[in-house]
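Note sheet for the following structure.
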Amino acid sequence: MASKILVNIKEEVTCPICLELLTEPLSLDCGHSFCQACITANHKESRERSCPLCRVSYHSENLRPNRHLANIAERLREVMLSPEEGQKVDRCARHGEKLLLFCQQHGNVICWLCERSEEHRGHRTSLVEEVAQKYREKLQAALEMMRQKEQDAEMLEADVREEQASWKIQIENDKTSTLAEFKQLRDILDCEESNELQKLEKEEENLLKRLVQSENDMVLQTQSIRVLIADLERRLQGSVMELLQGVEGVIKRIKNVTLQKPETFLNEKRRVFQAPDLKGMLQVFKELKEVQCYWAHVTLIPNHPSCTVISEDKREVRYQEQIHHHPSMEVKYFYGILGSPSITSGKHYWEVDVSNKSAWILGVCVSLKCIGNFPGIENYQPQNGYWVIGLRNADNYSAFQDAVPETENYQPKNRNRFTGLQNADNCSAFQNAFPGIQSYQPKKSHLFTGLQNLSNYNAFQNKVQYNYIDFQDDSLSTPSAPLIVPLFMTICPKRVGVFLDYEACTVSFFNVTSNGYLIYKFSNCQFSYPVFPYFSPMTCELPMTLCSPSS
């Protein structure tokens with residue numbers, strides 16, 4: 001009986017962590033007690049201040065030393081170390097006999113009197129020495145299994161910690177990205193605000209200048225009328241001779257007096273400011289960031305016309321006027337050079353600084369042949385291997401598209417309405433476009449219908465946004481000239497981004513100065529051969545410079 005009591009007491013003063021008698025016990029708010037060393041080590045490992053048994057949180061300042069449990073544990077140690085008590089442990093608490101048998105049904109050690117009692121009668125029993133090895137092996141296997149489970153639990157714990165760290169890093173990255181995007185948005189807004197204020201200041205300057213001039217004109221007009229009034233008053237108050245002297249001239253002057261009204265400025269004609277589309281601006285900025293991920297290291301190929309100069313690092317080209325001109329160099333389109341490397345696949349992006357230049361052409365070209373053969377303006381077409389945009393006369397931005405077939409010039413805009421026959425078998429209905437035979441158009445009273453290629457009946461409508469013009473001389477017109485597509489810029493680009501997607505067959509141009517807005521995009525490009533970056537400084541001596549990502 002005494003042994004059973006000791007066992008119960010021992011359970012009460014045993015640390016749940018180390019399973020030994022409590023040493024310097026500390027009690028938590030929940031009532032559980034642990035060794036001071038055990039609870040401290042547990043906190044360092046788990047990094048959580050919670051009870052290992054019930055998981056109730058606690059504060060370290062609330063840990064209380066439990067002297068009562070410490071005294072009980074100390075007394076129990078003394079009893080367990082006593083030789084007499086050690087002998088009692090091996091004896092039956094009920095009968096006082098040695099515990100020599102093991103009951104298979106109850107799984108307990110019993111004495112020979114217990115075996116004969118009603119409680120264990122008919123149960124299968126064995127000597128403790130016989131079953132000890134068997135259960136030792138079972139417990140050893142169980143120990144190995146639990147150690148493996150401990151390792152698995154530690155791995156799961158490590159996985160949770162790793163996932164926690166991963167999420168923390170990901171969220172921190174998202175925070176950084178969000179801050180960067182909003183900073184970029186604020187920079188965009190600051191830039192837009194500055195541009196709008198500059199426009200308003202310029203408008204104010206021009207408007208006030210004109211109003212001041214108008215005020216001066218009105219002052220002069222009032223002064224001239226006052227002079228005339230003073231002359232009339234003097235004549236009326238003077239003698240007859242003074243009244244009649246030159247009176248016809250005075251009357252004529254009076255008849256010629258007409259009040260000039262001041263120049264007026266209608267408020268409704270003023271440009272109304274509209275807040276920028278923030279969502280659209282962010283989308284544009286996102287698209288620019290996406291293509292900038294494909295930044296290519298482009299350099300200029302030294303094989304170039306003598307009228308151009310390339311820097312030593314092969315990243316800058318400029319026009320240099322020559323004293324002795326080659327006859328073919330009189331045409332001002334051929335100062336272009338190619339970039340390296342050649343492109344046969346993938347996505348590639350580069351940026352070109354064109355600050356303060358009054359003329360330039362850039363984009364993509366299919367072959368080096370154009371450099372040696374000095375091509376004409378007609379070559380600036382996708383069908384000839386050029387996908388380019390350019391600037392001329394400081395403010396005319398254009399994209400170069402394929403020339404429209406001549407039959408497309410027969411369009412109804414010229415008031416000529418009739419049916420015509422062309423090349424014996426092509427009859428077509430024509431609508432307005434361009435001069436020459438093209439003048440058979442509605443705007444010139446020519447409208448007609450007919451058959452084309454024996455089976456195709458077509459109506460041709462106007463393409464008012466396009467013109468066949470020479471890049472340097474708008475007065476010239478040629479059927480083979482490229483179709484010039486005007487490009488309208490709210491902010492003139494100082495830096496132009498070029499994005500080539502070889503597999504998608506597209507070439508896109510971005511106004512980096514205007515936060516990455518798309519300038520123009522060529523689609524369905526036929527890249528049959530390797531393509532090269534293309535640059536032409538034209539006759540402007542300011543350089544074109546390839547930019548680096550860091551700039």
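Glycine is no exception: its Cβ is also placed from the backbone N, Cα and C atoms.
According to Swiss-Prot:
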| type | residues | note |
| --- | --- | --- |
| BINDING | Cys92, His95, Cys114, His120 | Zn(2+) binding site |
| COILED | 127-221 | coiled coil |
| REGION | 182-195 | region 'Required for interaction with GABARAP and for autophagy' |
| DOMAIN | 276-551 | domain 'B30.2/SPRY' |
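Positions of Swiss-Prot features highlighted on the structure.
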residue	record	Cβ neighbours (10 Å)
Cys92	Zn(2+) binding site	20
His95	Zn(2+) binding site	14
Cys114	Zn(2+) binding site	21
His120	Zn(2+) binding site	18
CB-centroid shell, 8 A cutoff, Zn(2+) site Cys92, His95, Cys114, His120, site residues removed
Arg94, Glu97, Ile110, Cys111, Trp112, Leu113, Glu115, Ser117
DSSP residue counts for the region 'Required for interaction with GABARAP and for autophagy' (182-195), split into helix, strand and coil
14 helix, 0 strand, 0 coil
Quick one: average pLDDT across the coiled coil (127-221), no decimals.
89
Using DSSP and collapsing to three states, where does Cys114 (Zn(2+) binding site) fall: helix, strand or coil?
helix
